[in-house]
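*Asks:* Shown below is the structure under consideration.
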């Protein structure tokens, strides 16, 4: 076999076998001794085609080349006398091979040689050795009828002397080559074995690295592997946090994010911090994930905002870059609004109202008090002193679509539009204040009355939107207004401790108002002609803050750093990102990637999961639509029922008057009967209307209950 390359040269005509089994002649174009293969070419359909063939396949299909080489001593043994060799009739080997397909004939491009040759090679390695090779050589010797010459004599013979007998020996010789287990492996098989060995070595190295890392970290610590990945990632980034010395920037819409430190409950559970704030406008969320094979990895998602505050930032730092620039706006006759948004327990009330100690609050260290102090400082300056401005404050909350005055014993208020299409909060009390201390007293009074509830993240969560307004009036006329809003937590209804109707209605109203608020802020930032402020009570009350050229808004997104709150943190950041949609590229250098993973992701499995999630979201969206429709119908019918009830109550003094009439000794009976009939007619109408509204309200409540059960069952199946 070693001398076979010496007998192969360019231009030599040999037989080859195609991938479809067809055998035909082809000319050798090149001989590659290093790869142990030859390149052949042939003409087919007017096109020149070619492929590469291993030396082993050349020898198998062209046995006459092997006969010219020195034979093994076993091949020279004499034939046994009792063995009869049947005479084989000459026949064409091609007769049993199917004709090539039309698609193969019409291909004009050069054929790829790898799949054709390697399939046979892999099959040959799996076969066992059969005693066919010896028989085939014996048949060849008998057929020639000549004794085997020595090698020197055979080297001078031309190939044409043995070409006639070669055609009959194609199939036996092919079997001989197939049955040889010591056959040389192809190049691709060798490469595959090398790749396999490299994979095994890499797995062994990774296993050793994991063992070493496990020794460095406390394995009993929950999520220690994710903690190690986050620590390794943070080493690669440079941190430049925001400080009081950094310059402020003016934005019509300013979107900021604030990260709070881990609280006592999270530290007790040994939770890890999954938020990194490397610069004044950039934030990373290290989302823990698992592959299909349960391999842990991180998906580091980047978000860019106007300002990003880490856990070391104080309320003073946050106020300086968020609400303080807005105070100047109201003295210039504008409307300013500052929102605190986020999950319950993320620090919204702490940021807006001040430090919390149990149920008591130090309101002097919140944005409410800081803004009021700056208002009085600016009011005392000479440029604004001549305006003779008076400072008024209001404090109210919006709970379940209803407005309550926190400074007037939580009286219920009505939101109506006047003839000038201006939204008026009927019954809201405005209180004149002369200094910042008066404001702090009002804040303490209103904060004590605010509605709270229990949620997944906070046992004493604010379940209402609290709006504290500072109004500047000049001779009774509104000059400017600053609205500071502490929004309710953005948990879903399924995340609350109780799943009763009140909780569901509460969560649905919160989500509805938050979506409406986002669209109003986006319309303000994009200078749209239409602002959808009628979608919720919150945006109705703050309507004048979203219209006009001199309107400015700031949103502070509050996030929790714990790994258990990662999903809610991402929801908060996506909501805030949709408000302004800043690109994270602006806060990153060219060398820093947007998303980094510690392990390779499985593209196929991710694609499948995305498709499944999309289908599940479609099913949930239809059920959510039915639920929201039922909730809207309940609120509408509830308002109608309250109106009918008020009408009935207003008729109460009329019945009392009739009763007092009968106490007089000389009352007119005719007058009594007429008034009683009139009152009964009016009351009957109101009672009938109230009865119909109550029936419709009962049906709407049943539909809401059914839609809620369908959503919960769907979530449990997921």
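Glycine residues also receive a Cβ, built from the backbone N, Cα and C atoms like all the rest.
Pulled from Swiss-Prot, these are the listed features:
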BINDING   258, 342, 343, 344, 345, 346, 347, 348, 349  ATP binding site
DOMAIN    252-582  domain 'Kinesin motor'
MOD_RES   3  phosphoserine
MOD_RES   19  phosphoserine
MOD_RES   92  phosphoserine
MOD_RES   106  phosphoserine
MOD_RES   108  phosphoserine
MOD_RES   112  phosphoserine
MOD_RES   163  phosphoserine
MOD_RES   186  phosphoserine
MOD_RES   513  phosphoserine
MOD_RES   626  phosphoserine
REGION    1-248  region 'Globular'
REGION    86-111  region 'Disordered'
REGION    201-232  region 'Negative regulator of microtubule-binding'
MOTIF     95-98  motif 'Microtubule tip localization signal'
MOTIF     409-412  motif 'Nuclear localization signal'
*Asks:* For the motif 'Nuclear localization signal' (409-412), what does DSSP give as the number of helix, strand and coil residues?
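*Replies:* Helix/strand/coil tally for the motif 'Nuclear localization signal' (409-412): 0 helix, 2 strand, 2 coil.
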*Asks:* Once the DSSP letters are reduced so that anything not helix or strand counts as coil, what is residue 19 (phosphoserine)?
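*Replies:* For residue 19 (phosphoserine) - judged by DSSP and reduced to three states - the answer is coil.
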*Asks:* Please identify, among the binding-site residues 258, 343, 345, 347, the one with the smallest Cα-Cα distance to residue 626 (phosphoserine).
*Replies:* 343
*Asks:* Which of these binding-site residues is closest to residue 513 (phosphoserine) if you go by CA atoms: 258, 343, 345, 349?
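*Replies:* Ranked by Cα distance from residue 513 (phosphoserine), first place goes to 343.
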*Asks:* So what pLDDT does the domain 'Kinesin motor' (252-582) average out to?
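*Replies:* Taking every residue in the domain 'Kinesin motor' (252-582) and averaging pLDDT yields 84.
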*Asks:* DSSP on residue 258 (ATP binding site), three-state: which is it?
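*Replies:* The three-state answer is strand.
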*Asks:* Which residues, in sequence order, are found in the same chain with Cβ within 8 Å of the centroid defined by the Cβ atoms of 258, 342, 343, 344, 345, 346, 347, 348, 349 at the ATP site, excluding those residues themselves?
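*Replies:* Here the nearby residues are 260, 340, 350, 351, 489, 558, 559, 560.
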*Asks:* Looking only at 19, 343, 349, 513, the recorded positions on record, which one has the least crowded Cβ, with the fewest other Cβ atoms within 10 Å?
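*Replies:* Fewest other Cβ atoms within 10 Å, among the recorded positions 19, 343, 349, 513, is found for 19.
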*Asks:* Let me check the 10 A CB neighbour count of residue 258 (ATP binding site). How many other CB atoms are there?
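*Replies:* A 10 Å sphere around the Cβ of residue 258 (ATP binding site) contains 26 other Cβ atoms.
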*Asks:* When you measure from the Cβ of residue 347 (ATP binding site), how many other Cβ atoms are you left with inside 10 Å?
*Replies:* 24
*Asks:* Where residue 345 (ATP binding site) and residue 19 (phosphoserine) are concerned, what is their Cα separation in Å, rounded?
*Replies:* 69
*Asks:* What is the number of other Cβ atoms found within 10 Å of the Cβ of residue 626 (phosphoserine)?
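*Replies:* Looking across every protein chain shown, the total is 17.
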*Asks:* When a 10 Å sphere is centred on the Cβ of residue 345 (ATP binding site), how many other Cβ atoms does it contain?
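*Replies:* Its Cβ shell of radius 10 Å holds 26 other Cβ atoms.
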*Asks:* Compare all C-alpha positions of 258, 342, 343, 344, 345, 346, 347, 348, 349, the record's ATP binders, and send over the largest distance in angstrom.
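*Replies:* Result: 14 Å between the two most distant Cα atoms.
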